[in-house]
């Protein structure tokens, strides 16, 4: 399914006994990145204190390496910082003694282990017909026509935080630009997932917000893998870019990825939403409660579950009270790298439908990111079948009147 997951691997029993309780994320045991951590500072820490703490952390890291005769191994030290309103911290690779000292530092709120981001299995069918656009612009099943206002997301910028985007694809007509890359040195989409999601939220043929500007933010590589800390860096870049370019209040972000139970991921998503960017996120493809995943369970984001062409919730879509709305997610055709198309399935496909409608409504109605998800829920059709208990029946609708 088209959904990215951040999970754990490696036994951490000995580590959990040695390091204070402020180190979180030890309850899972799949795909942890050895010796890699995300350090979150207490909210009262000033900028000067944050800088001082970084210098201190680098010093004790160097001292620890000195005791190891300068052997670097996997301990590269402080790698990147992040700062949102009321939330700051850094990521890095540290040995056991160093991370124990960092965790005990009174300026530190908590430390979370870093994890690998993976691409779930994707089903691909070349050049198949799509149905999602017709479905979100009609109250009833069956129409192949997409009915929409000509504003079509004009003036809104959408950040695709994913595997990158083939910005030269004809679907984007020069509206797509490269933003940043936190995972490798290849500034293109070598996987296809990111181009596909961008085609859904903003493509000329397969997209919803056909006049929106699109920015590629690559956080996952050709194999569909990255890190929690890398995704945080990507989101940080988006909020900074929106601030520098006067886009806060006129921007949306698609996150077709997730992690099981991450405090820091939820907080970063909430901070990005609060900064003036509408966030649409995938519920996940585990057929379980989306409340167990982040950022699906973050406050204020618009979490999307998936339906098929007959309005039935798919068996693999996550569900639960955190789901805001269902969107088309099975057999969705969209753009693919090298001027191609592909058909993919997953909540990764439902999320860009929600993101695209969010951008469309922001342009059409002049509403802000903080009210977009409520407006989406208000417009939605109560037509989803086969959904699990404690889950909405709301199906995405753009308000076209058809």
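Glycine residues also receive a Cβ, built from the backbone N, Cα and C atoms like all the rest.
As annotated by Swiss-Prot, signal peptide applies to 1-18. Per Swiss-Prot, domain 'Inhibitor I9' is recorded for 36-119, and the stated evidence type is sequence analysis. The domain 'Peptidase S8' annotation in Swiss-Prot covers 130-402. Summarising the annotation, Swiss-Prot assigns active site, charge relay system to 162, 193, 348 and lists sequence analysis as the type of evidence. Taken from Swiss-Prot, the feature N-linked glycosylation site applies to 254, 390, 398, supported by sequence analysis.
A 10 Å radius around the C-alpha of residue 348 (active site, charge relay system) takes in these recorded positions out of 193, 254, 390, 398, in sequence order: 193, 254.
In this structure the alpha carbons, written CA, of residue 398 (N-linked glycosylation site) and residue 254 (N-linked glycosylation site) are 17 Å apart. Confidence annotation: the domain 'Peptidase S8' (130-402) carries a mean pLDDT of 96 in the model.
The recorded positions considered are 348, 390, 398; of these, 390 has the fewest other C-beta atoms within 10 angstroms of its C-beta. With helix defined as DSSP H, G or I and strand as E or B, the domain 'Inhibitor I9' (36-119) counts 30 helix, 33 strand, 21 coil.
Counting in whole angstrom, residue 162 (active site, charge relay system) lies 30 from residue 390 (N-linked glycosylation site) by their C-alpha atoms.
If you measure from the Cα atom of residue 254 (N-linked glycosylation site) to that of residue 390 (N-linked glycosylation site), you get 25 Å. If you take the Cα of residue 193 (active site, charge relay system) and the Cα of residue 390 (N-linked glycosylation site), they are about 30 angstrom apart, rounded to a whole number.
Within 10 Å of the C-beta atom of residue 193 (active site, charge relay system) sit 30 other C-beta atoms, taking all shown protein chains into account. According to its DSSP assignment, residue 254 (N-linked glycosylation site) is in a strand. The secondary structure of residue 162 (active site, charge relay system), as reduced to three states from DSSP, is extended strand.
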